[in-house]
Amino acid sequence: MTFAELVDRVASTGHQFLHTILLGLPILGMANHNLLQIFTAPTPTHHCRPPPNASAGPWVLPMGRNGKPETCLRFSYPSNASLPNDTQGATEPCLDGWTYDVSSRDSIVAEWDLVCNSNKLKELAQSIFMAGILIGGLTLGALSDRFGRKPILTCSYLLLAASGSGAAFSPTFSTYTVFRFLCGFGISGITLSTAILNVEWVSTRMRAVKSIAVGYFYTIGQFILPGLAYVIPQWRWLQLTVSIPFFAFFLLSWWQPESIRWMVLSGRSSKALKTLRQVAAFNRKKEEGKKLSLEEIKLNTQKEVALAKAKRSVADLFRTPVLRRMTFCLSLAWFSTGFAYYSLAMGVEEFGVNLYILQLIFGGVDVPAKFITMLAISYLGRHTTEAALLLLAGGCILSLIFVPADLMTLRTVLAVFGKGCLSGSFSCLFLFTSELYPTVARQTGMGISNMWARVGSMTAPLVKITGELKPFIPNVIFGSIALLGGSAALFLPETLNRPLPETIEDVENWSLRAKESKQEPEAEKASQRIPLQPHEPGLGPS
């Protein structure tokens, strides 16, 4: 009996629905944190503040090449000062700070003067947040394999609630970035544990549907964020509002059952049996739960338990040729998805459309994108869908290079379509990766894969800075990497309608059987093409 069959015996539609709700509600709020800087760090209209002696005469701002007033320079003297001709047009930096238009909303940019020479600090803040997610992926994956999915998930909820609230009261930019780093660390634990619990508590036939269903909570969260930002224009209150709910999620997580797979493979079969019987009682299958016995569970899983006792580490992901290829291709696909996704998602300001409306559009495209992705991975397969999504996204980003800046509608359409493809890529990868790695190394594999997505998302804001050299450079880099990731996805094995592998040996045998099944039809076709040899003259009977 497989783990999926054990779950099927005691689970029901009601249990699966409740399980999805418990996992999905925090994802609803997680979208707010991932995209929060769109609304807490917009750059308002600004110009140099006049010097203290400005009352001595009128001050006029110098004009830039675009015909608008300079934002980082001011004239050194009042316009009516009697000065030599060579000094009348002299300019200087904003020595006395800036004046901001915060009539619509305030931001960390206005509070800590993240403009002009300090404008890169805004992108740095987002990169530090992503660095927290990266470090979390490196550490929490292995910890979850050792201590369980549920403890890591519960602690991550508490960490995000506390650090997010702390960021709202930060007195300095440095303190703010430290708390944002911790927010990212907590988000990584939530993401990894949610993805694993989602696939380890569901039957094989329902994995794709449930994975996409949890993904829709993230989509709905993208609708909530612009609404909250519109109602709450103060960045500190907005930061606090999206953090407080995670204290409630921390309490709700105590009702979340631990993974049966993890408990059995970690030698906690008695606890696994108790959990199965509790789930059976909840689903009004108490008699079915009583039929389960500790001996039955141990008998059916003794092979997996014996193999799981071997210590697993990141090195195991590179131990065999099949796992090495899988890890390399998945890492590239995850990196390119995170890299390209956040280049579009965090670049809403660049499209010249109302910030709130465009964010609603960017969130809205995920609804059809995830639905189409669900159909594609259920019927076309995982690796074909993943490759197509990344290739389409890369094409959209590269197309932006050739669309003039004044064609804002077309640029927005391309960006929205590309973002939809990348959102679908994330949904596909979470399911695909959890199906490819064996149970004994699944959380570690998810952690490493997710790490590469965060490396990409952490690098994306820094790559945007290259636009100061040539405006098209960032899109060339983002688009090319997306195409490379889509090509790598083509080399991954298909997992459609296949049971989850339990051990590393299962992965190797799975790949071997796939190769043999491909070789058999080719051998049959080759035998059919062998021509009959004609008799040579003078040999044999005439």
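Keep in mind that glycine also has a Cβ here, set from the backbone N, Cα and C atoms.
Where the annotation comes from TrEMBL, it is an automatic prediction and has not been curated.
If you look up TrEMBL, you'll see 82-497 marked as domain 'Major facilitator superfamily (MFS) profile'.
Annotation comment: TrEMBL describes 124-143 (among others) as transmembrane segment.
Note on the transmembrane segment (155-173): residues 26, 30, 33, 108, 112, 114, 121, 125, 136, 140, 179-180, 182-183, 185-190, 193, 236-237, 239-240, 242-247, 249-250, 253 of its chain, located 6 or more positions outside it, place their CB under 8 angstroms from a CB of the stretch. Annotation comment: TrEMBL describes 155-173 (among others) as transmembrane segment.
Only residues 6 or more beyond the boundaries of the transmembrane segment (179-199), in the same chain, are considered here, and those with a CB under 8 A from a CB of the stretch are 20, 23, 26-27, 30, 33-34, 125, 128-137, 140-141, 144, 149-150, 152-153, 155-160, 162-164, 166-167, 170, 207, 210-211, 214, 243, 256, 259, 430-431, 434-435, 442-443, 446-447, 450, 454, 500. Look at TrEMBL and you will find 179-199 (among others) tagged as transmembrane segment.
For 211-231 (among others), the entry in TrEMBL reads transmembrane segment. Same-chain residues lying 6+ beyond the ends of the transmembrane segment (211-231) with a Cβ under 8 Å from its Cβ atoms: 20, 23-25, 27-32, 35-36, 38-39, 105, 194-195, 198-199, 238, 241-242, 355-357, 359-360, 362-364, 366-367, 370-371, 373-374, 423, 426-427, 430-431.
Marked as transmembrane segment by TrEMBL: 237-255 (among others).
TrEMBL lists 326-344 (among others) with the feature transmembrane segment.
Under the heading transmembrane segment, TrEMBL lists 356-380 (among others).
Annotation source TrEMBL lists transmembrane segment at 387-407 (among others). Tertiary neighbourhood of the transmembrane segment (387-407): same-chain residues 333, 336-337, 340, 343-344, 373, 376, 414-415, 417-419, 421-422, 424-425, 428, 472, 475-476, 478-483, 485-487, 489-490, selected by CB-CB distance under 8 Å and a gap of 6+ residues from either end.
TrEMBL lists 514-527 with the feature compositional bias 'Basic and acidic residues'.
Positions annotated as region 'Disordered' by TrEMBL: 514-542.
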